[in-house]
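Structure first, commentary second.
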There are 2 protein chains.
Amino acid sequence: MKVLVLGAGQLARMMALAGAPLSITISAYDVNTDTLVHPLTQQQLGSGLAQALEAADVVTAEFEHIPLAILEQCQASGKFLPGASAIRAGGDRRVEKALLASAGVANAAYQVINNQADFEKAVSRLGLPLIFKSALAGYDGKGQWRLKEAAQTASVWQQMADFLAADSSQAIVAEQFIGFQREVSLVGARSRTGEVKVYPLTENHHVNGVLSVSLARPVDHALQHQAEQMFAAVAEQLDYVGVLAIEFFDVAGQLLVNEIAPRVHNSGHWTQQGADCCQFANHLRAVCGLPLGSTALVRPTLMVNILGEDEVPNAILNIPALGLHWYGKTKRAGRKMGHINLSANSTAELKAQFAKLIDQLPASAFPELEQMLHQL
Amino acid sequence: MKVLVLGAGQLARMMALAGAPLSITISAYDVNTDTLVHPLTQQQLGSGLAQALEAADVVTAEFEHIPLAILEQCQASGKFLPGASAIRAGGDRRVEKALLASAGVANAAYQVINNQADFEKAVSRLGLPLIFKSALAGYDGKGQWRLKEAAQTASVWQQMADFLAADSSQAIVAEQFIGFQREVSLVGARSRTGEVKVYPLTENHHVNGVLSVSLARPVDHALQHQAEQMFAAVAEQLDYVGVLAIEFFDVAGQLLVNEIAPRVHNSGHWTQQGADCCQFANHLRAVCGLPLGSTALVRPTLMVNILGEDEVPNAILNIPALGLHWYGKTKRAGRKMGHINLSANSTAELKAQFAKLIDQLPASAFPELEQMLHQL
């Protein structure tokens with residue numbers, strides 16, 4: 001099978017690595033340069049989307065911030081999975097919020113803001129504190145504002161007004177602030193035949209709005225069930241095919257959807273080592289019409305992102321059940337350069353191994369790992 | 001790191017897949033065509049060995065039947081690991097037998113045959129039955145003769161005489177026939193600093209001289225210890241760096257070395273799923289000077305070779321902890337096209353899963369699996 005992936009980053013790269021053993025070859029379409037590349041070698045394979053679509057058996061995406069014209073062209077090919085509307089639901093917070101409402105899954109109350117009247121309505125209807133997120137291309141803490149006290153109202157609105165004035169395609173979504181205990185995510189797959197398999201809930205720790213650590217360990221059954229029900233509702237609403245990730249706020253055991261990602265997800269990288277079939281293989285199995293692989297937890301596993309660094313001490317490779325995954329990218333401050341997976345036979349053992357790993361990583365490049373260790 | 005691999009087959013391909021996450025890029029030199037290719041995409045990257053050696057940080061090999069001139073050119077680069085003499089020990093049975101003698105490890109008594117006088121000496125000194133193997137390029141049952149009864153002596157010698165006359169570089173090694181209970185192999189790695197880590201002994205089942213199934217399960221400690229001692233003796237004798245495989249005959253608990261393979265080995269493919277660090281990653285770690293990864297058995301795992309077939313029923317992908325690995329090769333009768341790895345939490349569970357797998361595979365393409373199941 002030949003699979004065309006929109007986007008040529010690390011997710012396409014890891015799909016290529018997972019696809020090769022299944023005889024699934026991946027080419028990656030760089031939306032910005034209109035070129036087709038091999039996601040592992042970055043060798044240029046051609047240019048132009050029409051030809052790429054023609055040559056592919058299946059088309060999918062590694063990210064959701066994709067121009068509408070490209071999504072429509074892919075959709076018209078009849079080969080696009082999970083398809084344009086699912087990608088748009090991940091890429092446009094207005095669409096996403098409407099989807100969550102129609103799927104009937106709990107999420108923060110919200111108000112779409114296109115102008116000052118909308119803004120004032122949001123403040124009066126939802127109350128403070130409020131969090132505002134740009135409708136398009138807002139992720140990892142970018143395009144977000146907070147309004148905690150009434151005194152800040154004018155200045156916060158001015159920033160948002162400038163933002164809206166600069167781009168007519170944009171809107172802002174105001175959300176009630178959720179006082180959550182922790183953030184968890186559920187990564188799972190839905191097949192062409194509607195079969196759903198989900199991995200265990202993953203606990204996620206962010207630093208400055210960017211994912212730092214994901215942890216998968218045996219999980220509370222009731223919470224897992226709750227997440228699975230919501231996952232199935234969203235996936236069915238979208239008639240989804242492929243891997244889907246849903247981020248939740250855990251508010252005293254009640255899950256609220258924060259956002260969805262219609263793709264393989266950073267919080268699912270641990271599946272390369274902690275599950276029989278990783279999210280990349282399962283995404284390809286789903287979109288190619290193959291049976292889904294097992295998503296059961298094989299052993300407790302955590303993942304640490306490597307941000308803005310292109311080396312780590314080689315000595316960490318002495319730790320058993322440690323996998324180091326570089327993405328082959330050029331170093332840039334804050335950039336996702338790679339990740340480390342670490343597994344153990346029990347949570348206690350994982351904690352001990354994590355402590356050894358932390359000892360060997362420079363704290364400046366890996367902040368707050370100690371705090372995360374103590375939560376284990 | 002840039003690693004050049006002599007040979008562009010499935011072993012180089014699986015090295016490329018294991019190396020990418022470690023930021024180790026592999027290019028493969030096709031000894032027959034003098035071209036350099038990417039082992040995954042088969043994209044041609046250049047031609048000529050001198051340039052390829054110049055561009056590489058490390059040179060290694062995926063097979064041992066390599067012309068001496070090429071081995072010498074690689075050795076002269078100062079980058080070749082495990083190096084020309086180790087590769088020759090795997091590629092020339094005369095050198096191999098001399099190595100085993102100097103390492104002091106048990107193996108079948110032998111006699112090198114260059115002419116009829118040598119042949120007669122072998123028969124009188126070693127006695128019947130005898131097995132004869134070509135010194136060069138004999139593997140998977142090719143270039144082998146057997147002499148069971150004295151009445152066959154003249155006809156067997158005539159075949160061997162014709163063989164020797166056809167190629168002056170050849171010789172034949174006569175070996176005492178070993179009445180072994182089973183064939184096992186030990187795959188392990190030795191680092192640049194002399195550290196040795198070995199995987200558990202693997203039980204191997206051949207059909208018509210070609211490996212069909214390898215099985216790794218918790219192993220008898222005394223036997224494992226015996227194999228490890230012999231492994232260390234051979235690896236030290238060669239000052240070996242990289243993954244080395246040793247095939248043994250198990251004669252009532254006493255191991256005799258059958259042959260060595262100075263490379264990653266078909267009987268180690270199960271490590272992709274049954275160990276934390278697979279043989280391909282460990283080979284690259286060793287030759288690149290990185291710490292060796294864990295070789296402990298994570299769970300019982302077996303491997304089934306796919307020979308001469310380019311498809312298997314998709315339904316096998318429903319079996320949990322099953323990994324399907326295609327090599328991207330064109331179908332040819334008997335050719336190694338891919339393999340299936342299967343893991344379980346216990347040997348009993350593995351047996352049950354293996355039975356399910358056998359039910360779904362066509363018996364014509366996968367002969368004798370039932371017999372192997374009963375030995376589990």
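Easy rule for this one: first residue shown is 1, then count along the chain.
Each residue, glycine too, has its Cβ placed from N, Cα and C.
As written in TrEMBL, here are the features:
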- B:1-18: signal peptide (SIGNAL)
- B:R93, B:K133, B:138-144, B:175-178, B:E183, B:H206, B:258-259: ATP binding site (BINDING)
- B:97-288: domain 'ATP-grasp' (DOMAIN)
Going along the chain, which residues at least six beyond the ends of the signal peptide (B:1-18) come within the CB cut-off of under 8 Å? 24-31, 36-40, 42, 52-53, 55-63, 66, 70, 74, 79, 263-264, 269, 272, 278, 280-281, 283-284, 287-288, 325, 327-329, 336
So B:I178 (ATP binding site), by the Cβ count within 10 Å over all chains shown, scores 14
Could you list the residues of the same chain, at least six apart in sequence, whose Cβ is under 8 A from the Cβ of B:N258 (ATP binding site)? B:N107, B:A108, B:I178, B:E183, B:E247, B:F248, B:F249
Which value does the mean pLDDT take for the domain 'ATP-grasp' (B:97-288) in this predicted structure? 95
Least buried of the binding-site residues B:R93, B:E175, going by other Cβ atoms within 10 Å? B:E175
So, in DSSP terms, is B:R93 (ATP binding site) helix, strand, or coil? helix
When DSSP is mapped onto helix/strand/coil, what comes out for B:I178 (ATP binding site)? coil
Please state whether DSSP places B:N258 (ATP binding site) in a helix, a strand or coil. strand
